[in-house]
Every structure is written in C-alpha cells, then in structure tokens.
C-alpha cells in the first residue's frame, strides 16, 4: 500500500524531473522534513567524537534513499532530481558568500601569500597529478575511454577540497593561524577549482596542440582577475549606496535586502559574463563585511550575520543530504558497464592520486613559507600543522559532485556508460573521503594538537605572533615627520626597505591599512581602526 502510494505521487517527477504541482509539493515537503531531521540529529551529535554534520547528512541521505528505494521497488532512490545548474545558481552562492562575509580578514590577509599558494598553486599541482595519473593508470585497470579534456577536467574535479569536517574540529582561538590557513585554502581552492574547470571546458585541444598549457594559464588568469574585480566593484558600490542614502532611517529591512540581492547579483553577473561566480561572490562578501556591514544599523548587522550563516548552513546540509540519496540511484549504476574489479581500480587510483596530490604541495609550500617568514614569524607552520592541513584537503564534497555532473551528465542524467562510471566513481570517492577521513578527523587533530597547546596559543589570539601593526612604524607614510635632513630621511628609507624585505606580507598589510583609513573608509564607510 505504501509503495503504491509513493509510486503514484513520485512517478511523474522521477520520469522527467518536473512532474505535476502536487508531486512537486510532496517532494519538497518530504525533503524539507528530512532537512529538519538532519538539523536535529546534528544537534544531538554535536559533542560526538567521530561524527559531524556533513557525515550525519550523508548517512541520513543514504537511509532515506534506501527507504525510497524499497518503497518504489528498486526504481528510485531520491526525492528530487539533481541539476548542476540548480547547485551553481541557487545552492553554492550562499555558501561561498558567507565564507567571504565571515572570514577573519586580518588573519586571512596576514597569511595571504601562503593561503594563495595552497589554494591556487595547490590546485594546479594536484590537478596535474590527478590528470596525468588518471591518463596513465586508468588503462591499466581496463578503463581508458576518455578524451584529453575529460582527463584535465578530472584533475579540476578531484582537486576541489571540502574542509568543513576539519574546520568543525579546529579551535580558532587556540590555533588561529592554522584555522586561517585551512579555512582560507578551502575557499580559495573551491574558487580556483571552478575557474580552472571553466577554463578547461573552453579549451579546443585539436587546434591548440602545443599551446594548451599556455592557453589554459592565460584563461585562468583572465577569469581570476576579472571575477575578482567585479566582486570588489559590486561590494564597494553596495557600501557606497548604503552610506550615502542611509537606508536605516526608514527601514532596516531594505538594508538587509539590498546586501543580499547585490551579493546574488554579483554572482549572476559573473555567470552571465562566463566568469567565476564563486570568486566574484567571495570577494564581494569580503568587501561587504569590510565596508557595507558598518554602514547599516545595529539590528541589520545582527540580522545579516545570522541570515547569511543560516542560508549557508542549509545549503551545505542540502548538498550532503542529496549526495547520500543519489548514491543509491539505480539508473547510474545500471548505465555503467564496468566490472566490479575495474570500478574498484578506478576508485583506488583516484584516492591514491588525491593523497599524492596533497603531499606534492602542502609540505613543500609550508616549508617555503617558513623559510620566507624567517625570524619575523614566530609561529611557523609546524610538521603537525602541516599534517592537519594535508588531512583537511583530503575530503571531497559538494563542488566535486557538481563539477562531475556538469562535465559528465545533462541535468543529472547520462546515457553514456563511460560517463556514468565517472559519476558513480565520484560519488564513491566523496562518500569514502567524507565518511572515513571525516570520522578520523577529530581523533587525528586531538592527537596532533593536544589541549596543552591552548595555554601557549591564548597569548596569540589575534592570529599572528608578530608585533601589532601599530608597533611597526613606516616612516614613508608618516604625515608629521618631525625630523629633517637627508641623512635621517635616508635612514628612514633604509629601515622601511629592510622591513619590506624581511616581512613583505606584514608590511604590505600596514601600507594597505593606512591607505584604507585615509582614502577608502571616508568614501565607503567602516571603522577607522581594526
């Protein structure tokens, strides 16, 4: 009886992804109820040593998918049909925007070069290893039917990390620099992976031949720079409008609505121009939190902070819940014609390449960062921190799934056995890395970063053990120079140059803060010190 009722309600939507209005209402109602169940379960398991909310959503998705699978007598396993456009247009923007909006800017920019090295160069290195490894090893397990663009796309797909599990465990107050590096790499990594993926999709290898790599790098730099500029511009425009018109004197609702809509507009504008919406909305979030957020009323500040975080949380839970359901999608498994041995071989190769790809850049970049920091940075990236950073990037999540669907399916459906094999392999990799590595994240971090380190790190809660910005005098920018004479000026120049060579990132940060206080904040708003 239950099976017949479920079949009647969901047959239309399972067949073509649309269905009637009553079927859509039932599907959304059930999915919303399951989302609520995920929230309750996540709350009850908050203190659990092994489980986090991502794992909880995956497991609940599997259970619900299995129930639907049984009720429909093996025909369906999910309530809604996944569409990569749905993910990129509606689900991903709030996640990335909130990441930029909530980022600790001082920590982020103090570690900017290291974060960018992890997030940008790391994606290229990991992507190259995954692409080359798949091209070389797939034929050895009886699977070598992809073209060059597909292999390059696999590099971008499996270079996208999911650091949610690790960030839920790391204490930001105890290890601020480590938290900043993991969080910053996660966001920049996702943006870079999507930009690289879009650049790969635009490649025409048959015409470029030897210039493929140069063309890929040129496209990437163009997309990266243009997307960043658009995000910053829209963020500044929003801040200026809020400051100049003072919406709060009439309605705080308009302030919140304008910030949310302008953020979404930045994402959609970038997508319209075939740029990276992720990168655009991320930098838009950073700029809005730096300027626009200070131009609204206190109630609007509280509202925006919580509403953006809530939307991001729901979107993340939605993705993991759907992936759990989609893992039991019979159509994909039936379409794939590969043997069990070949499927296991593909899975093993991908996981091995992910591990090697992380090793290839995390430890070298960390060592290089420590060398360049020299004696000026009293908190080096220790070996234990490097292991945590390496581990944090081993999990694959929503972006990998979305990119795989974008490359190898049409609206979540594929009739090509080879492409179906890649989709099922991606689902297995996401499941394995999230469940296995996710389960072990908390015990690993507890072992690598014992609580005894808390006393040592409390004194550096600002996230940097270097002297405060106010303690670093830069005479180049001083407007009230009391000294005179070319000798003193030359000595000041030498000191500033020495500081720049010894601590370039910190020095640039100080220059920027002075420029920001003098020119940017009077126009776009914000506090006069931070």
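Glycine residues also receive a Cβ, built from the backbone N, Cα and C atoms like all the rest.
No curator has checked TrEMBL annotations; they are predicted automatically.
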If I go by TrEMBL, the feature transmembrane segment sits on one of 244-268, 344-368, 444-468. Which?
344-368
Annotated transmembrane segment segment (source TrEMBL; candidates 220-242, 473-495):
220-242
Whether the transmembrane segment (178-200) meets the transmembrane segment (86-103): three or more C-beta pairs under 8 angstroms:
yes
Determine which residues of the chain contact the transmembrane segment (306-324) at the Cβ level, with the cut-off under 8 Å and only residues 6 or more beyond its ends counted.
31, 34-35, 38-39, 42, 53-54, 57-65, 78, 80, 82, 87, 91-92, 94-95, 97-99, 101-102, 164, 256, 260, 397-398, 401, 427, 430-431, 434
Range from 24-45, 57-74, 86-103, 115-138, 276-294 with the greatest count of C-beta pairs under 8 A to the transmembrane segment (388-408):
86-103
Looking at the stretches 24-45, 86-103, 276-294, which one shares the most CB pairs under 8 Å with the transmembrane segment (57-74)?
24-45
Go through the chain and flag residues at least 6 beyond the ends of the transmembrane segment (86-103) whose CB is under 8 A from any CB in it; none is fine as an answer.
183-184, 186-187, 190-191, 263-264, 267-268, 271, 277-278, 281-286, 288-289, 293, 304-305, 308-309, 311-312, 314-316, 318-319, 398-399, 401-402, 405-406
